[in-house]
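Peer 1: Residues or ranges marked as active site, proton donor/acceptor by Swiss-Prot on the basis of sequence analysis: His150. Marked as active site, proton donor by Swiss-Prot: Lys154. Annotated NAD(+) binding site per Swiss-Prot: Gly8, Phe9, Ala10, Gly11, Ala12, Met13, Gly94, Thr95, Thr96, Ala120, Pro121, Asn122, Phe123, in sequence order. Annotation source Swiss-Prot lists (S)-2,3,4,5-tetrahydrodipicolinate binding site at His151, Gly160, Thr161.
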Amino acid sequence: MTKVLIAGFAGAMGQQAVTLVKSLPGFELSAVVGHHLTDLDPTSYGLENSTTVYADREQVETGAADIWLDFTVPAAVFENVSYALRHGMAPVVGTTGLSDEQVEELQQLAKQNGLGGLIAPNFGMSAVLLMKFAKEAAAYFPEVEIIEMHHEDKKDAPSGTALATAKLISENRPAHETAPDSTESLPGARGGDYQGIKLHAVRLPGYVAHEQVLFGGSGEALTIRQDSFDRSSFMSGVKVGLEKVGTLTELVVGLENVL
């Protein structure tokens with residue numbers, strides 16, 4: 001049995017992940033981590049007695065799990081993944097907010113410890129396809145902006161998916177800035193900027209996770225959109241990550257790179 005630890009198990013994504021892991025043949029939910037919990041009885045959370053509950057990552061010992069599945073918060077994810085790698089656990093990371101420099105540092109740490117892992121800005125298949133299609137379209141439509149819409153509790157902006165989309169687009173189009181002479185009567189009105197690609201973040205109740213990539217050309221426009229209406233939509237990608245991570249020899253970024 002492959003032992004899985006879920007960090008951030010009490011959150012919305014964490015709860016979906018708990019249900020998934022418990023249903024997967026060949027996988028065991030060996031441990032969970034919830035920040036500053038006072039009740040460490042697994043049955044209080046609907047878990048088996050065999051599942052260890054930790055209130056802090058520093059309490060997790062080597063051998064507690066084979067896989068560290070992270071659905072925590074941007075402020076904690078770097079230290080969480082570092083801890084997992086130093087203690088022999090292959091990370092599968094759904095938490096966003098890691099900088100490029102932090103990802104590179106984690107990749108080096110994974111190499112030093114002989115572990116593979118997966119960092120996925122989005123586990124939804126529709127989002128993965130959106131990124132793929134947007135990259136292809138950028139070769140023909142260099143004028144592009146991105147709008148991402150999420151629930152009001154999402155901490156980081158822009159979303160990891162929107163930023164990953166911008167990075168992929170920038171790989172497949174010449175250096176370009178849309179409307180460079182535009183001015184803002186309200187600071188921030190034109191959104192954030194990644195290599196000339198404007199990114200706009202919406203945070204509102206009623207939304208889960210949504211993204212639009214808008215391309216403009218002479219006399220025409222192209223919009224690529226994906227919508228995640230329920231967090232269960234991400235679990236097919238999490239399942240792939242859990243099943244594939246044991247075959248990886250490096251820390252991979254992007255679910256599309258293990259499909």
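Including glycine, each Cβ sits where the backbone N, Cα and C put it.
Model, not experiment: these values are computed from the prediction.
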Peer 1: Can you give me the same-chain residues 6 or more apart in sequence from Pro121 (NAD(+) binding site) with a CB-CB distance under 8 Å?
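Peer 2: Long-range Cβ contacts: Thr96, Ala127, Ser159, Gly160, Thr161, Leu163, Ala164, Val253, Gly254.
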Peer 1: Quick check for the class: what is the C-alpha distance, in angstrom and rounded, between Ala10 (NAD(+) binding site) and Lys154 (active site, proton donor)?
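Peer 2: Lys154 (active site, proton donor) has its Cα 15 Å from the Cα of Ala10 (NAD(+) binding site).
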Peer 1: Mind giving me a neighbour count for Gly8 (NAD(+) binding site)? Other Cβ atoms within 10 Å of its Cβ, every protein chain shown.
Peer 2: 24
Peer 1: Cβ neighbours within 10 Å, counted over all protein chains: which one of the binding-site residues Gly94, Gly160 has the most?
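Peer 2: Counting every other Cβ within 10 Å of each candidate, the maximum falls on Gly94.
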Peer 1: Taking Cα atoms as reference points, rank the recorded positions His150, His151, Lys154 by distance from Gly8 (NAD(+) binding site) and give the first.
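Peer 2: Result: the closest of the recorded positions to Gly8 (NAD(+) binding site) is Lys154.
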Peer 1: Closest to Gly94 (NAD(+) binding site): which of the recorded positions His150, His151, Lys154, going by Cα position?
Peer 2: Lys154
Peer 1: Distance between Lys154 (active site, proton donor) and Ala12 (NAD(+) binding site) at the Cα atoms, whole Å?
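Peer 2: Cα-Cα, rounded: 11 Å.
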Peer 1: Compute the centroid of the Cβ atoms of His151, Gly160, Thr161, then list the same-chain residues not in that set whose Cβ lies within 8 Å of it, in sequence order, for the (S)-2,3,4,5-tetrahydrodipicolinate site.
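Peer 2: Near the (S)-2,3,4,5-tetrahydrodipicolinate site, beyond His151, Gly160, Thr161, sit Thr96, Pro121, Asn122, Glu148, His150, Lys154, Asp156, Ser159, Ala162, Ala209.
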Peer 1: Among Thr96, Thr161, all listed as binding-site residues, which has the most CB atoms within 10 Å of its CB?
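Peer 2: By the 10 Å Cβ neighbour count, Thr161 comes out on top.
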Peer 1: Looking only at C-alpha atoms, tell me how far Phe123 (NAD(+) binding site) is from His151 ((S)-2,3,4,5-tetrahydrodipicolinate binding site), rounded to the nearest Å.
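Peer 2: Between the Cα atoms of Phe123 (NAD(+) binding site) and His151 ((S)-2,3,4,5-tetrahydrodipicolinate binding site), the distance comes to 17 Å.
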Peer 1: Let me know the most crowded of the recorded positions, choosing from His150, His151, Lys154 and counting other Cβ atoms within 10 Å.
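Peer 2: Most Cβ neighbours within 10 Å: His150.
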Peer 1: Quick one: give me the count of other CB atoms within 10 A of the CB of Phe123 (NAD(+) binding site).
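Peer 2: I count 26 other Cβ atoms within 10 Å of it.
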